[in-house]
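Student: Feature list, courtesy of TrEMBL:
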type	residues	note
DOMAIN	4-62	domain 'Tudor'
REGION	53-107	region 'Disordered'
COMPBIAS	66-75	compositional bias 'Low complexity'
COMPBIAS	76-95	compositional bias 'Basic residues'
TRANSMEM	206-228	transmembrane segment
TRANSMEM	255-274	transmembrane segment
TRANSMEM	295-314	transmembrane segment
TRANSMEM	326-343	transmembrane segment
TRANSMEM	454-474	transmembrane segment
TRANSMEM	480-499	transmembrane segment
TRANSMEM	520-541	transmembrane segment
TRANSMEM	561-580	transmembrane segment
Amino acid sequence: MPNRRFADGEVVMGRWPGSVLYYEVQVTSYDDVTHLYTVKYKDGTELALKESDIKSQSSFKHRKSQSSSSSPSRRSTSRSRSRSPGRPAKGRRRSSSQSREHKDDKKKIIQETNLALLVLFCLFKPSENNTRRYNGEPDSTERNDTSSKILEQKLKADLEIERVLDQYSLRPRKEEKKEEIYSEKKTFETIKTAEKASSKTKELEFGGRFGTFMLIFFLPATVFYLLLMCEQDDPSLMNFPPPIPTFESLWEARVFGLFLLWFFLQALFYLLPIGKVVEGLPLSNGRKLQYRINGFYAFVLTAAIIGTLLYFQFELHYLYDHFMQFAVSAAAFSVGLSIYLYIRSLKAPEEDLAPGGNSGYFVYDFFTGHELNPRIGSFDLKYFCELRPGLIGWVVINLAMLLAEMKIHNQSTPSLSMILVNSFQLLYVVDALWNEEAILTTMDITHDGFGFMLVFGDLVWVPFVYSLQAFYLVGHPTAISWPVAAAITILNGVGYYIFRSANSQKNNFRRNPADPKLAYLKFIPTATGKGLLVTGWWGFVRHPNYLGDIIMALAWSLPCGFNHILPYFYVIYFICLLVHREARDEHHCKKKYGLAWERYCQRVPYRIFPYIY
């Protein structure tokens, strides 16, 4: 196998497909099988080039300096291929006598050429027999040596005529223009074909096509298993499998209608002209989408509606009584929405497709999301689902579980454990909505398409799995002391502080690296123009926000006690999820930043847990 000449992260000169022009590019990766380099242009375009189409900057500059010292006449000739040899370079002055002489010479050349054409046509005019031969019909003089020589001479003459026409630029201008248009069209088609091929997703995640196919069934099965286990008197792993419920206990049209009402109510709040409008990060084509930041206002309006319903004696614990049916309704709606998103993505332009969901495989693209930012007018479906129906619904479900606990156990006040779980998770949701603008810099928005994975995660997994601790406490009350509650509260506070301060550092630095308030932060510059922080939280571990997430998840589960492992599923799941995301981030950052990322990893060796991992 030949050795590669250019390293990842190296800045070189790459030839644009279908042309002779070279542009400055950065090498991002190398395929040992195809021996192709993946390079990134300054506008963000990524293409696969052969080694022969890549040159080092030093050799390119050397050749450029040599060409710049060549004679002006050579440069002017190369600039205009249609200029005749006798025509002077553009910009030179010439006298009127010289102009007349030039015109006379040109007329003479045209006359001589026309005469030559007439003579050649008369000499080599095809006979009837020749015409038959060209049409495939036999004749009496077929394969005659004399006719072969005449044909050979005619072909030579035709070639000579072509040479004269090209040399003196005697072709009609329309013909030249047609050739130029055809050449430009072919070049454009070549470039578009190369761009389309380079935009395809080459590296498949989640186990590829087979893995994503299994996850489409495994994720809903996991949600229903957890909810069924929580309903058991003894939710231990020894009682597996739980009893399978009847269809009537899983589906009710009224519940599905209430879910649709909730979804479209949040969509209405999203469309209200309140809150500021901000721009997201630049897309691959340089375009920036606009987003209205009003999630916190939607939360306040929702709280006002819930408070009004409670004032008029509406029984919110209806959610607890039909919890499984709400989960099934949300799952059914998420499947329908995912199908709609995939069908509409088939007509989306190439530039609107997600970099991670454009593999060409139906199952994989359906799961990961084929289109990056599907919109109906200005209504961004992915951005809306990320924070509104599921996240705010999580808080409403927790409140319903608190009221159900009080009713079922005849309590005048909720238990201390339920208060802690509701308070900690309420803080997390309010923080996310208050800092809504920060989500625009996450991979969910900038890289991942909107498919079954995010749709199911936003509408089913978040509200029905994240509320697992509150649902568990309704049927399995756990008493804790005040000192234990205080210790758990401190633990949650530490996790929240790490999570919020780390995310704030990252988001502020991405928005404005030149902010004087961030002058104390040190960073490693990269070829993309961005910097990698090596001080603050991001100099402590590579993903401090994940560390804060895990600490908070532990604090949410501790109020449930240690009788069963089921309430700690969220912690186990969160650790596995974040380790997967961390490995995914490592891969993308290494591909994106090249040698700068390797330097960063040397400066910051620990990924999530300091001195451990």
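Every residue gets a Cβ built from N, Cα and C, even glycine.
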Student: Taking the transmembrane segment (454-474) as the reference, which of 295-314, 326-343, 561-580 gives the largest number of Cβ pairs under 8 angstroms?
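Tutor: Per the Cβ count, the answer is 326-343.
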Student: Between the transmembrane segment (206-228) and the transmembrane segment (295-314), are there three or more C-beta pairs closer than 8 Å, counting only pairs 6 or more apart along the chain?
Tutor: no
Student: Which stretch from 255-274, 295-314, 520-541, 561-580 shares the most C-beta pairs under 8 Å with the transmembrane segment (326-343)?
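Tutor: The listed stretch sharing the most Cβ pairs with the transmembrane segment (326-343) is 255-274.
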Student: Quick one: DSSP breakdown of the domain 'Tudor' (4-62) into helix, strand and coil?
Tutor: 9 helix, 28 strand, 22 coil
Student: Out of 255-274, 520-541, 561-580, which stretch touches the transmembrane segment (295-314) the most, going by CB pairs under 8 Å?
Tutor: 255-274
Student: Between 0 and 100, where does the mean pLDDT of the domain 'Tudor' (4-62) sit?
Tutor: 81
